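Undergrad: When I checked Swiss-Prot for this same protein, it listed these features:
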type     : residues : note
DISULFID : 149-154  : disulfide bond
DISULFID : 167-255  : disulfide bond
DISULFID : 171-257  : disulfide bond
DISULFID : 236-249  : disulfide bond
DOMAIN   : 150-258  : domain 'C-type lectin'
CARBOHYD : 79       : N-linked glycosylation site
CARBOHYD : 87       : N-linked glycosylation site
CARBOHYD : 104      : N-linked glycosylation site
CARBOHYD : 113      : N-linked glycosylation site
CARBOHYD : 160      : N-linked glycosylation site
REGION   : 147-151  : region 'Involved in dimerization'
TOPO_DOM : 1-48     : topological domain 'Cytoplasmic'
TOPO_DOM : 70-266   : topological domain 'Extracellular'
């Protein structure tokens with residue numbers, strides 16, 4: 001009997017493509033992870049270094065900002081000081097200029113002051129001479145008690161009591177009109193110097209014009225004051241040391257005549 005024939009075969013198992021990829025991935029993954037672990041250490045150092053640099057930069061920027069702020073403040077203080085000094089200098093120059101102008105003005109006014117003093121001396125001399133001349137003729141026997149002059153005007157006081165019309169006639173007898181008071185200064189002057197009596201003056205009520213009028217029908221700086229007195233249109237006005245007032249023209253009072261001088265005595 002013959003021996004059976006034995007046949008040998010080699011069985012080869014082929015890995016599937018998915019399994020091959022998995023094996024290959026595992027084979028390659030191992031070395032990469034090792035490489036990553038080796039490379040991560042230098043990067044961490046770099047990141048830390050960059051963080052430190054950023055921190056230093058922030059600190060530097062903060063310090064610079066503080067320095068710039070302090071510099072600006074210091075600069076502003078210096079500018080304010082300079083401006084204050086400049087303003088003080090301007091004020092000092094202006095003060096010096098005004099002082100110089102006042103000095104020059106006072107120098108310029110000296111001739112005017114000297115002129116005014118001269119005029120006053122001459123006026124006083126003229127007043128004294130005029131009063132002396134007129135006083136020497138005061139006793140005329142016609143009722144003139146006294147007279148005197150002030151500035152460019154002479155005043156005649158007739159001390160015979162009469163009506164306003166009689167006063168006007170007596171003044172005309174001396175070729176001097178009944179007194180017209182030019183302004184409030186003259187009024188105050190007369191009230192200081194007259195004897196305490198009542199005196200007719202040249203102001204009466206014009207019934208035709210229905211207004212108060214002076215003897216020459218001219219204006220006076222006293223008109224406004226008279227209008228404020230609200231006279232009652234009773235006829236005529238008299239003067240006393242205390243007031244001027246309207247009253248019946250037929251009441252007898254003393255009389256004041258007044259005239260401006262045309263020529264100064266030498």
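Keep in mind that glycine also has a Cβ here, set from the backbone N, Cα and C atoms.
Help me picture where these features are in the structure shown.
TA: Residue 154 (disulfide bond) falls within a strand segment according to DSSP. With a 10 A radius on its CB, residue 154 (disulfide bond) counts 19 other CB atoms from all the protein chains.
The Cβ neighbour count for residue 255 (disulfide bond), using a 10 Å radius and every protein chain shown, is 29. Secondary structure at residue 255 (disulfide bond), taken from DSSP and collapsed to helix, strand or coil, is strand.
Around residue 171 (disulfide bond), the C-beta neighbours below 8 angstroms that are at least 6 residues distant in the chain are 156, 158, 177, 178, 179, 255, 257.
Taking the Cβ of residue 236 (disulfide bond) as reference, residues of its chain lying under 8 Å away and at least six apart in sequence are, in sequence order, 164, 200, 203, 204, 205, 246, 247, 248, 249.
Classification of residue 79 (N-linked glycosylation site) by DSSP places it within a helix. The 10 Å shell around the Cβ of residue 79 (N-linked glycosylation site) contains 10 further Cβ atoms across the protein chains shown.
When Cβ atoms from all protein chains are considered, those within 10 Å of residue 160 (N-linked glycosylation site) total 14, not counting its own. Under DSSP, residue 160 (N-linked glycosylation site) is assigned to a strand (E or B) in the three-state scheme.
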Undergrad: Considering the disulfide-bonded residues 249, 257, which residue's Cβ sits among the greatest number of other Cβ atoms within 10 Å?
TA: 257
